[in-house]
Each structure stands twice: as structure tokens, then as C-alpha cells.
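Asker: Before I ask anything, here is the structure I am working with.
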Amino acid sequence: MSDTRPGDPELTTYRDVQLSPDFSELRRRFRRFVFPMTGLFLVWYFVYVLLADYAPKFMAHKVAGNITVGLLFGLGQFVSTFAITLLYVRWADKKFDPDAKHLRDQIEGETK
Amino acid sequence: MSSAMSLTGIGLVIVATIGIGLFGLRISRTTSDFYVASRAVTPRWNASAISGEYLSAASFLGVAGLVLVNGADMLWFSVGYTVGYLMLLVLVAAPLRRSGAYTLPDFAETRFQSAMVRRICSGLVVGIGTLYLLPQLRGAGLTFQTVTGAPPDVGAAVVAVIVVINVAAGGMRSITFVQAFQYWLKLTALATPIFVILIAWRSGDHQIGVLHSLQGAAAEWAEPLSTAGGRDHPLYSTYSLLLALCFGTMGLPHVLVRFYTNPDGRAARRTTVVVLALLGMFYLFPPVYAILGRSFAPDLVTGAADTVVLELPSRIFPGTTGDLLGALVAAGAFAAFLSTSSGLTVAIAGVIDQDLLRTRLTRLTGGDYLAVNSFRIAALLAMTVPYVAFRLTGALSLADTVGLAFAVAASTFCPMLVLGIWWRRMSTTGAAAGLIVGGVAASAAALINVIGAPTAGWPRALVVQPAAWTMPLAFLTVIVVSKLTPQSIPAGAARSLVRLHTPEAVNVDRNPTPLP
């Protein structure tokens with residue numbers, strides 16, 4: 001690594017953070033939650049478009065009155081966007097922030 | 001439509017905007033106030049402000065216009081605008097806040113330690129901002145023309161002047177209050193006529209044949225992925241549009257800077273939840289205008305479709321009710337132009353100020369100038385370019401032009417941010433190459449659109465909705481070039497990544513890039 005000049009206390013902190021298993025674990029956990037979630041919700045939007053193209057009969061199926069499956073799914077896009085956001089915020093508040101705080105306490109404890 | 005009443009409405013919006021702006025002036029004093037409102041805006045205010053800023057002419061007038069002409073496919077605009085925020089939140093918002101950079105060029109410089117990459121980013125911010133400001137000015141011109149019959153130049157000039165005054169006077173702090181107010185104004189203006197129509201319909205004293213309009217010839221229009229309105233290759237176009245909107249939002253200069261106005265990451269997340277609710281609520285209404293427009297203003301389908309929101313109230317209710325509702329909608333439309341243009345102008349002016357103006361001013365005056373004055377000159381410049389562009393270019397659909405701005409952002413800043421934040425081996429040369437290749441490809445498509453796009457078939461589809469090919473091209477360029485030039489991986493890359501991914505309260509030298 002290039003930023004490991006000896007005798008620079010600030011850079012040593014960086015290195016410690018970078019190398020600490022807790023930090024990698026934190027990043028890994030973030031990626032493990034966020035990347036698949038992003039993938040999933042993108043797939044859901046794109047599948048909707050595909051359904052509209054290849055299964056118009058299914059989308060035009062009337063559930064009640066003039067309300068079709070397509071219309072319900074369409075409104076569902078908004079609802080699901082909101083649901084995903086709430087899910088992410090809950091996860092970040094409950095899981096990610098406490099872990100991050102733990103890491104912080106550890107680092108600050110060590111450097112003080 | 002009564003022009004006196006509408007002009008009064010527009011006048012009130014302008015007075016309120018300037019009034020709140022002046023109120024903000026008293027509390028904005030430092031450079032940090034100007035740029036990011038000292039990072040001290042509460043989530044609820046901030047969410048209203050973000051939504052107020054985000055809902056532009058394209059959302060207020062353009063979406064309804066596009067749905068009116070092209071049918072159900074265009075509803076993706078509203079979904080995409082909303083999802084873009086979610087992508088921004090989960091992928092880049094937190095790391096970017098932690099980087100301590102105020103603007104996209106700041107981020108580029110800290111991550112890639114290269115003045116060249118920074119300059120490319122500055123150029124792109126000005127380019128994307130201009131492309132986004134153009135439809136705001138056009139919308140203002142169109143509204144003024146619909147209301148008074150005056151030539152479009154007048155409305156555009158009014159918006160340009162007011163925005164420059166307001167931005168130069170108060171910076172971000174005052175803008176935050178103005179934007180928050182304008183969100184609620186826009187929602188009220190768009191929703192009230194629909195509720196009045198619903199009441200009239202329920203009470204049975206008005207024949208509103210919504211469902212009849214969807215029968216027969218119009219059935220194709222209501223069907224998804226139809227080629228109504230002469231759009232070929234609907235599947236490709238829809239995918240391309242979705243990609244542009246999902247991944248472009250994070251690269252819009254005025255959107256990103258808003259996330260810095262939150263005091264911490266937790267507040268930033270709260271803000272986003274409220275923003276999504278506010279945007280979702282707003283986007284329920286434009287499609288209703290389009291559907292009603294099919295029955296009450298069929299002439300607009302082949303004419304000035306973007307004016308359907310303005311025209312509809314007086315078409316349904318001739319007389320005073322229609323005039324009043326028309327005035328309300330016109331006022332709301334002006335709020336849309338003013339708020340988005342103000343946000344964009346702050347963002348562009350910030351970049352012009354830091355990257356172009358300061359060094360020159362220092363050389364000219366020997367350092368004898370106020371930093372805030374440099375920002376004011378920059379604000380003037382930031383609005384002059386799009387105004388000139390507006391005078392030179394022809395009529396383009398509002399939402400389509402905005403879509404192009406998203407496409408350019410998705411093909412340039414999105415790869416830079418996503419890979420820059422998550423991939424340590426991204427090299428400086430790779431970053432520059434990706435920005436240039438994506439930027440040139442997407443801007444070329446945008447330019448062809450402005451000059452005159454091909455009329456049919458694949459050439460048209462590829463040029464009107466370029467994101468599906470320009471965005472992967474940009475990602476690929478970054479990855480391939482970075483692999484080929486490992487020697488230009490910036491020396492501090494590991495250090496930058498630690499800074500981007502360590503929780504905020506850990507002290508790892510996160511001071512914002514000092515302003516010169």
C-alpha cells in the first residue's frame with residue numbers, strides 16, 4: 001500500500017481502519033444487503049415492462065370493474081419503491097448504525 | 001382563460017419567492033450557508049425543499065403532455081423520477097456525504113487526485129445543468145404564451161431574471177425555504193382542479209366522459225408499449241428511459257448537493273423517505289390530466305401537448321371557476337420553473353465560481369474581492385448560457401429534454417460515482433476516459449435531438465433514448481481502461497475508500513476541501 005509512510009500517526013489510523021476485520025465486515029455487510037436489494041428492485045421494474053409487452057392479456061385481465069392487473073401492478077411500483085426505502089432505512093437504523101458506532105468506539109478507544 | 005387572473009397568480013408566486021428569499025438573506029452569512037445551508041436543515045423542511053426543487057417543468061407540465069400524446073408508456077417518467085432517488089440513497093448518498101466534498105467536481109478531485117478529472121466534471125455539471133435549465137425556460141415561455149399570448153421569450157426572461165436575483169441574494173439557505181414553500185404550492189395547484197372536477201362529476205352536473213374517451217381509436221393509446229404518438233421500438237425506449245432515470249438522478253448537480261444540507265446520515269435517510277412519499281403523491285395527478293385531456297382537449301394531442309395542464313380547467317369549466325383554477329395552475333407551473341431553475345443555478349454557479357472564476361478574479365483584482373461576489377457573478381453566468389441556448393433552439397417536448405439531461409448524467413457521473421465509491425482499482429485515466437466517452441456519446445445524442453432527430457425507426461429510438469447504450473459504454477470504458485492503466489490508480493485510493501466507508505463520527509480527516 002502506498003500510504004504507509006512510517007511515523008505518520010494519522011496514516012497509521014487509516015491503515016488500522018482499513019485492515020481491521022471489523023471494517024471489512026461492516027463494508028461486506030453493507031454490500032451484501034444493498035447490492036442484492038438494488039438488483040431485485042430493478043428486476044421488478046424491468047419485469048413489469050416485459051409483462052406489458054409479452055403478456056398483455058394477463059395485464060389487461062380485469063380484477064374488478066375497470067381495474068386491471070396492469071393498473072394494480074403499476075400502482076404497486078410506487079408502493080414498492082416506498083416499501084423498499086422503509087426497509088432500507090429500518091435496516092440502516094437497526095443494524096448498520098449500531099455496528100458502525102461500535103467500530104467507531106473501538107477506533108477512538110485505540111487512538112486516544 | 002383569463003389572463004388578468006393568471007397574471008395575478010404568477011405575480012403572487014414571484015413576490016412570495018423573492019420575499020422568502022430576502023428573509024433568507026438575513027440568515028445567510030458564510031460560504032457554508034451559501035452552498036449547503038450550513039448543514040442544518042431539518043428532515044421535514046429538507047424533504048419539502050428537495051421535492052420542491054426536483055419537480056420541474058417536466059413533471060408539472062411535461063409528463064401530462066407526454067402521456068396525452070404517447071399514452072401509458074410515458075407513466076414510466078414518474079416512476080423513474082421517483083426510483084432515481086432510491087438509487088441515490090442506497091448507493092451513493094452516505095459515502096458521498098462522508099467524502100466531505102461539496103460538489104461532484106470536489107468528489108472527483110479527492111477520489112482521483114487529478115485536476116484534469118475535476119475539470120471534466122465541472123464541464124459536465126455546467127452541460128447537464130444547461131440541458132436541464134433549457135426546458136424550464138421553455139416551460140416558462142410556453143406558460144406565459146398560453147396565459148397572455150406574449151412571445152415565449154418574455155416568460156423565459158422573467159424566470160431567468162428572478163432566479164438570478166434570488167440566488168445571488170441568498171444562496172442555498174434562502175433557497176431551501178423557497179423550495180419547501182414551492183413544493184406545497186405545486187401540489188395544491190395540481191391537485192385542486194382534479195378535486196373540483198371530481199366533485200362536479202359526482203354531483204352529476206357535468207358530463208365527464210372519461211371512460212368513453214378510452215374506447216375505440218383511443219384504446220391503443222391506453223395500452224402499454226403501443227406505438228401511439230409515433231414512437232417506434234417501445235420496449236427498447238422504455239428500458240432506456242428507465243435506466244436513464246434510475247441512474248441519472250444521482251448525477252444531477254442540484255440533487256446531490258441537497259444531501260449535504262442534512263445534519264447527519266440518519267437525517268439524510270429520514271429525508272429520503274419523506275421525499276419519496278411527497279413525490280409519489282404529486283405524480284398521481286399528471287396522468288389524470290392526460291386522461292381528461294384525451295376527452296376535453298383532443299386538439300392538443302397534435303398541438304401544444306405540454307400545455308394540457310394549463311388548458312384543461314378552462315376547457316372543462318368555462319367561466320369564473322375555470323379562470324380561477326387556470327390561474328392556480330399557471331401559478332403552480334411558475335413555482336415549478338422558479339424552484340428547479342434556482343436549485344440548478346446554485347449548483348452550476350457553485351462550480352463556475354470555484355473552478356473558473358476565483359483564480360481569474362484573484363489575478364485580476366490581486367485578491368481584493370469578496371468571495372460572495374464571485375458567487376454572484378457565477379450565478380449570472382450560470383443562467384446566461386441556457387438563456388442563449390433557449391433563444392437558439394427550437395421547440396422540444398419538455399419531459400424529453402429533461403430525459404436527455406438524465407441520460408447524460410447516467411452515462412457520466414453514475415459510473416464515476418458507483419465505481420469510484422466501490423472499486424478501489426479504478427484508475428484516474430479510467431475515470432477520465434469513462435467521463436469523456438460517456439459524455440461525448442450522450443451529449444452527441446442530445447445535440448442531435450436539439451438540432452433535429454431522425455424521424456423513424458432504430459436511428460430515432462437510439463438518439464431519443466440514448467441511455468441504454470451510452471451508459472453501459474461508459475461503465476465498460478472505465479473498467480477496461482482502469483485494467484489497462486493500473487499505474488494511474490491514485491496513490492491515496494485506499495485512504496479515500498476508508499474515508500468514504502467509515503461511519504461519519506470517526507475522525508479520519510474529513511474536513512471539506514478548503515475553499516481557496
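Note that the numbers count up from 1, one per residue, in the order the chain is shown.
Glycine is treated like the rest: Cβ placed from N, Cα and C.
TrEMBL feature annotations, pasted as is:
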type	residues	note
TRANSMEM	B:6-25	transmembrane segment
TRANSMEM	B:45-69	transmembrane segment
TRANSMEM	B:116-134	transmembrane segment
TRANSMEM	B:154-171	transmembrane segment
TRANSMEM	B:183-201	transmembrane segment
TRANSMEM	B:239-261	transmembrane segment
TRANSMEM	B:273-292	transmembrane segment
TRANSMEM	B:324-349	transmembrane segment
TRANSMEM	B:370-390	transmembrane segment
TRANSMEM	B:402-423	transmembrane segment
TRANSMEM	B:430-451	transmembrane segment
TRANSMEM	B:463-481	transmembrane segment
Asker: The transmembrane segment (B:430-451) and the transmembrane segment (B:324-349): do they have three or more Cβ pairs under 8 Å, with pairs 6 or more apart in sequence?
Answerer: no
Asker: Against which stretches of its own chain does the transmembrane segment (B:45-69) lie, if we need a Cβ under 8 Å and a gap of at least six residues from its ends?
Answerer: 75, 77-78, 81, 85, 132, 135-136, 138-140, 142-143, 175-184, 186, 190, 228-229, 254-255, 258, 261-262, 267, 270-275, 278-279, 282-283, 286-287, 289-291, 293-294, 297, 300-301, 305-310, 332-333, 335-337, 339-340, 342-343, 397-403
Asker: Are the transmembrane segment (B:463-481) and the transmembrane segment (B:183-201) near each other by the rule of at least 3 C-beta pairs under 8 angstroms (pairs 6 or more apart)?
Answerer: no
Asker: Would you call the transmembrane segment (B:239-261) and the transmembrane segment (B:430-451) in contact, using three or more Cβ pairs under 8 Å, pairs 6 or more apart in sequence?
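Answerer: Checked: the transmembrane segment (B:239-261) vs the transmembrane segment (B:430-451), no contact.
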Asker: Same chain only, please: residues at least 6 beyond the ends of the transmembrane segment (B:273-292) with a C-beta under 8 Å from a C-beta of the stretch. Say none if there are none.
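Answerer: Counting only partners 6 or more residues beyond its ends, the transmembrane segment (B:273-292) has Cβ contacts under 8 Å with 43-44, 47-48, 50-51, 54-55, 59-60, 63-68, 74-75, 78-79, 81-82, 85-86, 183, 186-187, 190-191, 194, 197, 208, 210, 213-214, 308-309, 312, 316.
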